[in-house]
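K.L.:
To start, I am sharing the structure in question, which I have written as structure tokens.
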């Protein structure tokens, strides 16, 4: 008797819940994150974008997110789960979610998907990314001026075009202001692992680097630089202002909010189509965090001038003459790299030592 | 490739830092296993120690208090293992595995609001003359207190096990608990103390990662060090100095492989990344060829009625 009562009660409760969900026709937006929302970097900024969506649309929208999702089969499970729970639009925010997103999208033709930093699209899958390399150009300029040992350490995550583009862009612009500069690159093979990132930063510092650039998401390299005392760093993906004014002297900030709001609106209006978005400093998807007073005024002015030139479109970070690492010609005098070449970039430019891991 | 960029002094100094969490956890587990108990929960106790120490250090502003809290937290968690295996006489392997899984989950819960927080810094010891000596000054006298504590603990455990009466009793309990019981030693009490000691050591090791080595908190940041510690104890044939050697070897290869990468050596990164595990296990397997066997009662439950 008791049990049946309980079951009946549960059934009524479930029915109410389901009815409630049906009654209000909310747009459900899902986010899949590679790190924790508190990483202070990449995932943090995506989550700020999610919160902006909530603020913009209030109770017309419901957002869900799953953090710390490993790239690979696990991602496919999480994305499928989200689609099954009735999400209308799903943002998958890491390069390694590319194939899982495409696979799940095939099974749910009515759900819209948005994959960050990838290159595979479908009827219901858009891609979006930011031209981080424009920010890297600004960092490279500051790094070239700030280094005294002429050794710049670079913590790479995975050897994918996005990361290689960043290394090349930073190197080209550091070299421009400091012909003696040398890059030391360590691949961490992770987006987010504070222990590995800290180790990598320490090793680079021990080998003489006094500027550290990172393409990983945690603030651990900043902490390592702070402990070392005389090492310059840059915030990655987020401002990382808690390490300003030194070691962190500037940063690249990703601003996803306007894009997330626009895409959510498109789903609500039924105007969503599959697109490929790649915006830089100009449209505001890439921001440059405040350059602190640890940087000499004239260097700061030069960096800001470069930023403005890229924002207005009068200068492109990959402008010839440039050679590839093996000495063959990449871009002729005055030539500008096209987006296709940039998107698939798998080589270092001339002057960078070492080889890209397979 | 430019090997001259690798500074051997800094390399040795940083390998000692990399090895310390592993050493602390392994020494604790060594004592536990010497008493005849197999606690597979090292990873769980480490990670709980990591977050407890981190939280305490952030809240109080004192890294030392953080380490104290970490040791207490590790011991508290191991108390759960005591209840399961010494009181309820549950299977030790299953209980240990459960402890690890529980610890990983619990730490993630405890750590929710500490992700991305900056902990207070722990200073290095600075001895006026000695720390300034060339080469040896940086290697021997330029570290934090906990690192020295780890080495001192190794020496102490070795001396106690080998020369003292307490060590003899502990070993007797581990070799033959029925005989020890017949002689009037309180087997369960001795094992409980050993397990608590192991928990406290594992907690310290975890806090060393979150407070000094990284220093930051993230879920799962012990990344398998607890399992390495377990393997280390076996391959070190339950001998403290060999555990120290193994830990330094592991830390050393971990640091060297990153140094090689930064120096541009053309070995695929994947090989370098797996090398610490491979080399440590290989060397210890060769070392353990002298057939020092495990404590005879290892992993067996004891009850006075049997």
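Cβ atoms are placed via backbone N, Cα and C, with glycine included.
Annotations in TrEMBL come from automatic prediction, not curation.
Found this in TrEMBL, in case it helps:
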TRANSMEM  B:6-25  transmembrane segment
TRANSMEM  B:37-58  transmembrane segment
TRANSMEM  B:64-84  transmembrane segment
TRANSMEM  B:96-115  transmembrane segment
TRANSMEM  B:135-161  transmembrane segment
TRANSMEM  B:193-214  transmembrane segment
TRANSMEM  B:220-238  transmembrane segment
TRANSMEM  B:245-265  transmembrane segment
TRANSMEM  B:271-289  transmembrane segment
K.L.:
Answer yes if the transmembrane segment (B:64-84) and the transmembrane segment (B:193-214) have at least three CB pairs under 8 Å among residue pairs 6 or more apart in sequence, and no otherwise.
P.N.:
yes
K.L.:
Counting only CB pairs under 8 A, let me know which of B:6-25, B:37-58, B:135-161, B:245-265, B:271-289 has the most with the transmembrane segment (B:220-238).
P.N.:
B:37-58
K.L.:
With pairs closer than 6 in sequence left out, are the transmembrane segment (B:193-214) and the transmembrane segment (B:135-161) joined by 3 or more CB pairs under 8 Å?
P.N.:
yes
K.L.:
At a Cβ cut-off of 8 Å, and with pairs 6 or more apart in sequence only, do we get at least 3 pairs between the transmembrane segment (B:6-25) and the transmembrane segment (B:193-214), yes or no?
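P.N.:
They are in contact.
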